[in-house]
């Protein structure tokens with residue numbers, strides 16, 4: 001939702017978030033939206049699709065790096081922390097949207113409003129700087145996700161037809177990435193949420209079919225869980241955390257989807273959009289990681305799709321998953337367009353008033369897609385790209401920004417409405433989550449830089 005956009009709305013009570021005076025939040029009134037909006041069912045499908053992507057199929061390899069039982073436990077810990085971060089993010093955003101008399105706020109403008117309404121003068125004076133920092137972080141994260149999707153598509157194309165191509169594997173992947181670029185550009189010409197959610201629906205069908213075939217083949221393998229290590233080492237565990245963080249790659253889609261939900265109360269309600277999506281994603285990702293690793297053991301590939309045979313029914317798996325990645329690319333890029341296009345159009349139109357609007361619109365989208373293509377070509381190491389993206393921007397968006405913004409947003413309310421013990425409990429929980437995020441970023445960046453240096457010192461086959 002852009003700051004200049006004014007959706008028609010009427011007001012209803014947000015009972016779904018259990019807003020009450022007991023935990024320091026007044027009863028919030030949320031708008032019923034009209035126009036380019038989606039239903040809760042479509043919201044669940046779109047948010048689930050933003051999380052079900054290329055990173056999911058690297059989870060069995062991540063479990064190999066972290067060890068079986070450490071990875072099992074960490075999967076639920078990471079899911080729980082993501083759930084908590086997403087919940088407090090939406091709660092604070094809805095509170096500030098009502099306070100500023102707006103129907104919704106995107107991530108960047110939400111960060112700005114947090115600072116604008118803060119009691120801290122430094123934050124009020126630098127609210128735009130905070131907004132720019134948040135926007136750049138999200139931009140880096142989204143571009144990283146989209147470039148990984150291109151790598152995923154090209155890697156599986158090489159797996160299918162690489163035997164008929166000449167050159168090194170890297171050269172083959174560059175060729176396949178170039179071929180996929182044309183189709184990705186086509187899907188990114190549409191940016192209305194109703195169209196993007198339709199792409200998500202079709203993409204989800206392909207994903208479910210492909211994932212079902214993979215799980216069916218994986219479960220048939222001799223189970224090796226008793227022979228696998230329960231844990232590995234510090235470096236491997238941190239890399240596993242980064243890859244798992246990337247698997248929950250829908251953090252930046254939380255507010256764009258909430259902003260387009262026809263009834264915002266349904267987002268945080270019990271069995272609403274967020275709880276339903278997180279339960280589905282946690283169950284699927286844990287099952288895929290567990291059965292994938294115990295089925296293939298040490299022979300698990302960086303993406304489990306390459307462990308599936310190339311013939312018969314299994315040859316269609318790569319096709320289904322490539323199609324879902326092609327359609328899903330527009331979902332991730334929607335965040336970039338939603339955040340930056342209005343500002344770009346205003347400045348570009350002032351500088352070039354005679355340029356047709358459709359040309360600037362399409363050119364803006366083509367530019368960002370080409371950026372993701374170049375990133376994919378320059379770093380053709382899927383197993384390295386995923387954890388690096390996850391432990392940097394992904395951790396900031398999931399573990400650091402939400403609790404920090406919640407404390408700033410509700411600080412004054414907590415002082416007046418909560419007891420001392422309740423206030424300390426909330427602050428302690430948020431500080432623990434922030435500390436985990438900072439540690440994950442520092443340790444993950446160090447281990448992934450080491451992995452990148454080591455990987456590029458090894459020649460491609």
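Using N, Cα and C of the backbone, Cβ positions are placed for all residues, glycine too.
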### Task
Write down the single range among 61-84, 85-108 that appears in TrEMBL as transmembrane segment.
61-84
### Query
Out of 268-293, 358-379, 427-446, which stretch touches the transmembrane segment (173-191) the most, going by CB pairs under 8 Å?
358-379
### Message
Let me spell it out: take the transmembrane segment (313-337), skip the flanking residues so only those 6+ beyond its ends count, and list any with a Cβ under 8 Å from a Cβ in it.
### Response
46, 49-50, 52-54, 57, 138-139, 142-143, 145-146, 149-150, 152-153, 156-157, 159-160, 180, 183-184, 187-188, 190-191, 193, 196, 199-200, 202-204, 206-207, 209-211, 213-214, 217, 249, 252-253, 256, 305, 364-365, 368-369, 372
### Task
May I ask for the residues of the chain that lie six or more residues beyond the transmembrane segment (130-153) and have a Cβ under 8 Å from a Cβ within it?
53-55, 57, 107-109, 111-112, 114-115, 123, 173, 176-177, 180-181, 184, 246, 249, 251-252, 303, 321-322, 325-326, 328-329, 332-333, 335-336, 339-340, 368-369, 371-373, 375-376, 379-380, 382, 385-386, 388-389, 392-394, 396-397, 401
### Message
Please tell me whether the transmembrane segment (427-446) and the transmembrane segment (231-248) touch - that is, whether there are at least 3 C-beta pairs under 8 Å between them, with each pair 6 or more apart in sequence.
### Response
yes
### Message
Assess whether the transmembrane segment (231-248) lies in contact with the transmembrane segment (61-84), where contact requires at least three Cβ pairs under 8 Å among residues 6 or more apart in sequence.
### Response
yes
### Query
Given the transmembrane segment (385-406), which of the listed stretches 61-84, 198-219, 268-293, 358-379 has the most Cβ pairs that are under 8 Å apart from it?
61-84
### Message
Test of understanding: applying the rule of at least three C-beta pairs under 8 Å (pairs 6 or more apart in sequence), is the transmembrane segment (358-379) touching the transmembrane segment (61-84)?
### Response
no
